[in-house]
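Chemist: Sharing the feature lines straight out of Swiss-Prot:
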type	residues	note
BINDING	13-16, LYS27, GLN82, 87-88, 110-112, GLY149, GLU164, ASN179, ASN235, ARG341, LYS359, TYR374, ASN385	UDP-N-acetyl-alpha-D-glucosamine binding site
BINDING	ASP112, ASN235	Mg(2+) binding site
REGION	238-258	region 'Linker'
REGION	259-488	region 'N-acetyltransferase'
ACT_SITE	HIS371	active site, proton acceptor
BINDING	ALA388, ASN394, TYR395, SER413, ALA431, ARG448	acetyl-CoA binding site
REGION	459-488	region 'Disordered'
COMPBIAS	478-488	compositional bias 'Basic residues'
Amino acid sequence: MPRTRTPLAAIVLAAGKGTRMKSNKAKVLHEVAGRPLAYYPVKRAVELGASPVVVVVGHQAEAVEAALSAALPEAPLRFAVQEQQLGTAHAVLAAKRALRGYRGPVLILSGDTPLLRAETLEAVVSARRRARAAVSLATMTLEAPRGYGRVVRDARGRPARIVEEKDATDAERAVREVNAGLYCVDAELLWKKLAKVGTANAQREFYLTDLVPMAAQAGGVAGVEVPAEEASGVNDRIELARANRVMVGRLAEAFMRAGVTIEDPARFDCDEGVEIGADAVIEPNVRLRGRTRVGARTRVGVGAVITDGVLADGVTVNPYTVISEAKVAEGAILGPFSRLRPGADIGPEAHVGNFVEVKKSRLGKGAKANHLAYLGDAEIGAGANIGAGTITCNYDGERKNPTRIGDGAFIGSDSILVAPIEIGAGAYVAAGSTLTDPVPAGALALGRARQVTKEGWVAQRQAEKQMKGTATGPAPARKGRPAARRAS
């Protein structure tokens, strides 16, 4: 990742509401690949070596500050508040106090541009330095540039000014080269020129773009054309979905180049920060969320959803398994249709089969719960077998209670273990048992009613019913009413 060798500060503009999102949430908090929009430009600036990075917040300022601080705890962040949203120049001025005493270039970028690469930021920073220009700015060429400020160049082909669409003439609207909202400018020049920006425009706002003609007279402007896919902002849900697809596609490509098989990248979904080991296989429609780590040679089946899960090497996750905040050791087999809830810890070569739910429980090496079981707040020893339909009754209405099952124990199908309870190593629990007391190691426990079999009972019952029907006959007519006539 490129890092500038010279001092560099950055300002990320993240104060807007984003009315086109039609949302109660600030625009920059909407997520792409599991991260807020503003996370990406901030992270790219940090990767480039910018310090400090000043984030200008406004709408839902506290929420934006909290989200970015949590997502980038090591970043050299500072926050500045734009109390009123009076335009982009006004937003940049809000960062002046946070950069007090700083001398050097300042990179200015928008908080709604998640697809920018650090290499693109470096190109804008270095263009100013190479050209010895007052300002460098990024431009992009669009087939349909509606809504963007048009770049007007001088006779020598250098950017001379940027005209916002509402202020543009018909000829200027025909220009397809537009402002990408990414600038690099010397701090001293920035504050000096922004003090002169006015509101003589259709929006009656302080435009940062007014800096361009001032800079053109003060030392020139260097233009850098960048890919439109990278620099385009996110303004509505459609653009959000597109940005998400592009970002996930980049992640998928990086994984595949590192030796991961993603069977259908178009049906792969993951968050920034997910890790996948070499020779892992990811089947279609898998969703990998949060800080999930998938080990080498692990296979994740169709439709699996893993959130903050840690899977060791050689794990098999069969289709439609759901994992949240759980650990799975090497060689374990999960699913299909199993669920690991927070605190589940599945040991090496253990099996958690179809319709088994595990919560805050540990399965030892080779332990098996192959179908239709609930294991909560349990410690299950190595090699233990949990029969179909087994339930650990961990909740008594007030607290969660533990169940301990020893190594090699065998729990018969449809058993109910009422916690707190301990089943000793090698013990057997007969199928259909309801247990409330400890079972010693090597013992057999039966907690069910004794079976009673009555031979010939069905025939006897049918005979009794037949005799009753013969003896009863038709019901007598009620007094005062004529007997009902039979149909002839």
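Positions of Cβ are set from backbone N, Cα and C atoms, glycine also.
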Chemist: Translate the DSSP assignment of ARG448 (acetyl-CoA binding site) into the three-state scheme.
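Modeler: In three-state terms, ARG448 (acetyl-CoA binding site) counts as coil.
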Chemist: Which residues does SER413 (acetyl-CoA binding site) neighbour through Cβ under 8 Å, counting only same-chain ones at least six apart?
Modeler: GLY387, ALA388, GLY389, THR390, ALA431, GLY432
Chemist: Taking only the recorded positions ASN235, HIS371, TYR395, ARG448, which one has a CA atom nearest to the CA atom of GLY111 (UDP-N-acetyl-alpha-D-glucosamine binding site)?
Modeler: ASN235
Chemist: Between the Cα atoms of GLY16 (UDP-N-acetyl-alpha-D-glucosamine binding site) and ASP112 (Mg(2+) binding site), what distance do you get, rounded to the nearest Å?
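Modeler: Given the Cα positions, GLY16 (UDP-N-acetyl-alpha-D-glucosamine binding site) is 10 Å from ASP112 (Mg(2+) binding site).
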Chemist: CA-CA, which of the binding-site residues GLU164, ARG341, ASN385, ARG448 lies nearest ASN235 (Mg(2+) binding site)?
Modeler: GLU164
Chemist: Round to the nearest Å and give the CA-to-CA distance linking HIS371 (active site, proton acceptor) with ARG341 (UDP-N-acetyl-alpha-D-glucosamine binding site).
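Modeler: Each residue's Cα considered, HIS371 (active site, proton acceptor) and ARG341 (UDP-N-acetyl-alpha-D-glucosamine binding site) end up 16 Å apart.
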Chemist: Give me the DSSP three-state residue breakdown of the region 'Linker' (238-258), ordered helix, strand, coil.
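Modeler: Helix/strand/coil tally for the region 'Linker' (238-258): 20 helix, 0 strand, 1 coil.
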Chemist: List the Cα distance (Å, whole number) between LEU13 (UDP-N-acetyl-alpha-D-glucosamine binding site) and ARG448 (acetyl-CoA binding site).
Modeler: 68
Chemist: With every protein chain in view, how many other Cβ atoms are within 10 Å of the Cβ of GLY16 (UDP-N-acetyl-alpha-D-glucosamine binding site)?
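Modeler: A count of 22.
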Chemist: Roughly how wide, in whole Å, is the group ALA388, ASN394, TYR395, SER413, ALA431, ARG448 that binds acetyl-CoA, by largest Cα to Cα distance?
Modeler: 22
